[in-house]
Structure formats: C-alpha cells, structure tokens
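Working notes for the structure below.
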Amino acid sequence: MSASDLHPVQAGAPQGRRQILVTSALPYANGQIHIGHLVEYIQTDIWARTMRMHGHEIYYIGADDTHGTPVMLRAEQEGVSPKQLIERVWREHKRDFDSFGVSFDNFYTTDSDENRVLSEKIYLALKEAGFIAEREIEQAYDPVKQMFLPDRFIKGECPKCHAKDQYGDSCEVCGTTYQPTDLVNPYSVVSGATPVRKTSTHHFFRLSDPRCEAFLREWVSGLAQPEATNKMREWLGDAGEAKLADWDISRDAPYFGFEIPGAPGKYFYVWLDAPVGYYASFKNLCERRGLDFDAWISKDSTTEQYHFIGKDILYFHTLFWPAMLEFSGHRTPTNVFAHGFLTVDGAKMSKSRGTFITAQSYIDAGLNPEWLRYYFAAKLNATMEDIDLNLEDFQARVNSDLVGKYVNIASRAAGFLIKRFDGRVQASATNHPLLVTLRDAIPQIAAHYEAREYGRALRQTMELADAVNGYVDTAKPWELAKDPANAVALHETCTVSLEAFRLLSLALKPVLPRVAEGVEAFLGIAPLTWADANKPLSSEQPIRAYQHLMTRVDPKQIDALLAANRSSLQGAAAADAAGATNGNGAKAAKSAKAANAASADDEASPFISIDDFAKIDLRIAKIVACQAVEGSDKLLQLTLDVGEEKTRNVFSGIKSAYQPEQLVGKLTVMVANLAPRKMKFGLSEGMVLAASAADEKAEPGLYILEPHSGAKPGMRVK
C-alpha cells in the first residue's frame, strides 16, 4: 500500500500533486545538536527534497522542544531565565540545521502562543469526550528545591544487584526496572537531598479506555514498518488483556511549560505539548503564507502527514499521539517512520574518545556537511536498524564515490568542451545508449528515495557512475584530443560524459543539494527536478567554466575533529566548575569531577583488606557467543568459556555500548564466584567487568575489560 492509497490527493489539488506535511522529532532545547541527531534530520530532509522534486506540495516542519524540568534546571544553572536559554539554543540549532542543508519550511518553538492555544484546545476536547481523569498519586519530593522529582532526577542503589548511582526507573547494570521508592539510599540529582514522599492530584489521559484500544488496533495495521507494527502489538497485547495504562499528562509547579486550564499550579507534561508543537509550527507557517491550516489537520482532511522519529520514542508517536488526535477531533498520522541509533567506529558515541561529535565542531573542523549527508544516506534504509559511522570507511567512501567516481566525470570532459567546442554539447549525442540507460534508471532511484531506501538509491547511482567512467576510460578523450581528425568523436565523448554527469547529479540532488546547485550553475540550467531526466542539455546553451565541486577528505581533518571534541569536554566541565554552584558547591564539585576523565568517586568506596579482595574469584573468560535479550533494551546474553567443562551464561547491561557481533571472540574478565541469580530472562552465572566514568552524564560510555592477548580462558586474575 502506498501513501497515496492511504490518503488520496485533496480535492482541488492538481492531478497527481500530493499535499504532504512531514516532521522530524523536535530537538530538546537544553543542549547542542550532535551527529546522532543529524541522522534523523538528514533522513527527513532527503525525503522532503525528493517529494519537492516530484512537484508535490510538501511542508517540512520542525521546532525546538522547550518545556520541562531539564530546561528549567539548566537555565537556573546558567543564571538565566528559561526563555533566555531556549532563545539562545534555538539560534544555535537553527545555525546547525542550516549548515547541514536541513531545509525546514518552518523551524519554530513549542513555547509559542500557537502551541499553548492548540494544546489547551486538544486537552479540553479530550476532557469533554471523557478521556481525562484526575487522581491522587504519591511522588518523590526534593525538600531542598521544593519540587517533585521525575524518575530520572532520582538516583540510588539498585534494589536487585546493588549497583550504585542508578536512576529511579531502571538499573543500567542488571537491567531491572522498578519504582523510585524501591531504590536503596535514594538521593535527588538536583540537590543531593534525600527525597520524601508527597501526594498530589494529577491529570491522566485515559489510554486504557476501550475506545483507545479499539482505535489503536485498527490504526496500527497501516504502519509501514513491520518492526513498529510488532512493537505496537506487543504493547497492546491480545484482545481483552487491557495492557494499556493511563498516561500522566501533568506536572506540578515549579515547572517550565503551559499551565493546564482550570488547574492552577498544574502544567502539561512536556510530552503532551511537544507533539502538538508540530501543528503549532505549521499553524505559524500557514498564517504567514495564507494557507488553510484547518484543511490540513481536520478529521476529514485528505492530506498526508508523516513523522520521522528515532525508535526510542516510538511509544509516544504510535500510542499517545494518534489517540490524542483521534479523540480530540483531528486527523491522525498517515505513517510514522522510525530509524535506529548511531554508533561511531562500532561503539556508542564517547566524549573521552572524541566521537561525541557536535554539529558545530564538524563545521569548525572544516569538514564538508555534504560528506556526512552522503555517508548517512548510504547507510540508511527503511528499517529501524542502527547505523555505524566508521571514520576510516567515511573517508574512503567519500573520496572514492564522490570525488573519484562522480565529480571526476565533469572535470574530465568540461575542459575539452569549452576549449574545442565553445562549451556547447553535440545535439546528436544526447541519445547515446549509455544515456538511455541512465534516464531509464532515474524513476527507480527516485522511488528508492521515496521508500526511504537511500542506500539502494546510492548503490544504483554509483553503479551507473562506474559505467560512465568505464565509457570515458574506453573512449580516452585525452587521446582523441591529440588529433584534429577525431573532433567529432571527441565532441560526442564529452557530450555523453557531461549529460551523464547531469543525470548523476539529478540522482544525487536530494542528498547533495549544494553540489547540485553548483552543477546547475556550471551547466547553466534551471533547478533539477525528476521530470528533467528526459530534458537533455541543449546545444544552444554553452556551459560555464568548471569549478571544483568537491574535495577529498583529509585524514588530518578527522584527527582534528576528534581532538576538538575531546578538548571540549575538558573546557565545558572546567567552565561549569568555575561558574556553576548551587550554594553548597555540589554542582561545581560534580563538574570538576567530569573534567578529569580518569577521576573516580574514591570517597564513596571504603577500604577493604587483602583478605576481602581474595574472596573475589576473577577469571579470564572468552565470549564464544552473544545475543540481544528479547524484551530488554539494556541486556546482552553472553556465553562464556572460563576453562571449565561447560560454558557459562551471563546477562550483562552493556547493550548500549556494543553490538553482539562486536563481542564474539573477545577475552574479558568475569567474577566467577558470584552467586547465580535467576532473572526473568534466565539464570545469570556470574558478572563481566566493565568500566565507566564516575559522572556518566558528563562522559557517557561503557567499556568491558579486555586482558592481554596472551591470557587464556580460565586464568585467574590476581
């Protein structure tokens, strides 16, 4: 089923011209854009550009997600108001998106009058329809800051494995989920105080209402991605299971956001007004351009609406958001497209290794944004698979594909054409069999882009580029140019080469828009669209002098980029330590600790005797098999050879840092005499050792210990 099958073209639109609203998830307004974020914005932008090139009426909408406790606390830390913070961050985000060619039709903010009005309207419609309930709940409360604490703002000791400094909802070591009240020795991340329990009246969206379940079961059947459909069916359960829980949509003051109508001191939870921000940004655009906003969002609208998101927020976009829209009288999304996460060189992005790369640092290092656009596109497909930015492969692929195969075609032909033929192509050569092959491939390449199979589109394009280069190598224009008698053959070769280059540029335009602009200027042609595949270069229009369109990646640029991002961690933490205190020095102490990647929280661990240490049996283990644990976002299941008659089974909370295939064959260190523990996924017969920073927020990353290659399974560590 195609998108046009789901939503036919609106009455009054030109035949075949679709009306499309597309969004990316809203970046949170308390930090910088990094390359992990850019995966999604580049993916969406390529799709939006593809649809524009078809001539469809499409609007790519975005905004900063500005509300919530983290923004409020970040502003307090910086000594500014939340509004001052989000205004500054908006400018930074807009700069970064512009740098990478992300072509929003409107990039707005959720802290707007439009968003407040729309959020209130949707809430009141849901309330009138019987979907809002009020009930008393008990929460953790910080007595020092006098505020209720979200789960992620409480830390303590895991009640299961007793790992320290775990969040209030789940343990990152053993993968157990729990309530904040289950933590041992809990403390507030904000002030360090011990939380107390307080009750408060909260507002809930009744997702458990049978009407919601019935609607969502029908709506899920239209999702394009099988992984998303399967996940939703897992959340919904079988008919009659009633697995959906009501959703808490309110927060207590102090809170930066919109106050709930008729409920003083209560605010909309950020995840209610954030998706409404899609519509608010579009409404702002409609008012400026004279578009009929209601015709796009009303329940009977026949326009199309697509959301590109990360797979980590699928729950919000496939349960809450469509249900909110359905029962408040609005149209629901045509589809939701989720992508995977980004790793760098096979591991989670790391500040200590310099692979936590910000968008601005990439630009500052002098790297071309279109290199990254191309590399990400080459890795992306229509699934939710994670993608890896391998920096050596990045350099090799850009240099080989974009410079060696693509722009090299123009540089080999343009000089001869200008010098020998006044820059004009040979009219009869534009129907060469090679060019027919390229023209015939353009619709398929465009279809790959629309289906979000960017990797396929680029593989096909580079295969065509290989064919063109093969043609040039066989024709040898540099040899033909030596003899005036070969003028006709030379003219034909240069014409075929340059027309082929035009067609390759058309195929690459959604990915390389700035290069495409340069090509259009060089060839003296109007902006390329898919319909231009059959409009060859005119012999009446001379080309202009060739200008370099792309340079090679210099490995020194990559080295400088990594070094800059390593040093930025030190600089940011030092600045925080110097300027950010909360009266008792807790914030400064924490920041100073983050500035030293090797620092550890020594004072939290009392001394033990050598006899105590001798009780721990540390052994070398070889990972002979590894797999993800179904139903867990954090655990990997390891099969370990520890020199015994049979292997051991161990569950480890390291999924965020490693792909299973990366670990197979590695040696590591395990606690061999840890009592076996029965988990819901099976029996864990030990623990592998891993290292992480004391302040994981300032320096994320998890690293298993790897002994010297001379060590063998079963050897004791002593």
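Each residue, glycine too, has its Cβ placed from N, Cα and C.
Straight from Swiss-Prot, the features:
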{"type": "MOTIF", "residues": "27-37", "note": "motif ''HIGH' region'"}
{"type": "BINDING", "residues": "C158, C161, C171, C174", "note": "Zn(2+) binding site"}
{"type": "MOTIF", "residues": "348-352", "note": "motif ''KMSKS' region'"}
{"type": "BINDING", "residues": "K351", "note": "ATP binding site"}
{"type": "DOMAIN", "residues": "612-718", "note": "domain 'tRNA-binding'"}
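Overlay of Swiss-Prot annotations on the structure.
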residue	record	Cβ within 10 Å
C158	Zn(2+) binding site	22
C161	Zn(2+) binding site	18
C171	Zn(2+) binding site	21
C174	Zn(2+) binding site	21
K351	ATP binding site	22
Quick one: Cα separation, C171 (Zn(2+) binding site) versus K351 (ATP binding site), in Å? 22
One should report the C-alpha separation between C174 (Zn(2+) binding site) and the residue listed as 'ATP binding site', rounded to whole angstrom, as 24
For the motif ''HIGH' region' (27-37), what does DSSP give as the number of helix, strand and coil residues? 3 helix, 2 strand, 6 coil
Mean of pLDDT values spanning the motif ''KMSKS' region' (348-352): 83
For the domain 'tRNA-binding' (612-718), the number of residues DSSP places in helix, strand and coil: 7 helix, 41 strand, 59 coil
Given the Zn(2+) site residues C158, C161, C171, C174, which other residues of that chain have a Cβ within 8 Å of the mean position of their Cβ atoms, reported in sequence order? P159, K160, H162, A163, Q166, E172, V173, G175, T176, G653
Within the motif ''KMSKS' region' (348-352), how many residues are helix, strand or coil going by DSSP? 0 helix, 0 strand, 5 coil
Expressed in Å to no decimal places, the gap between the Cα atoms of C161 (Zn(2+) binding site) and K351 (ATP binding site) is 27
Fill in the CA-CA distance, K351 (ATP binding site) to C158 (Zn(2+) binding site), as an integer in Å. 26
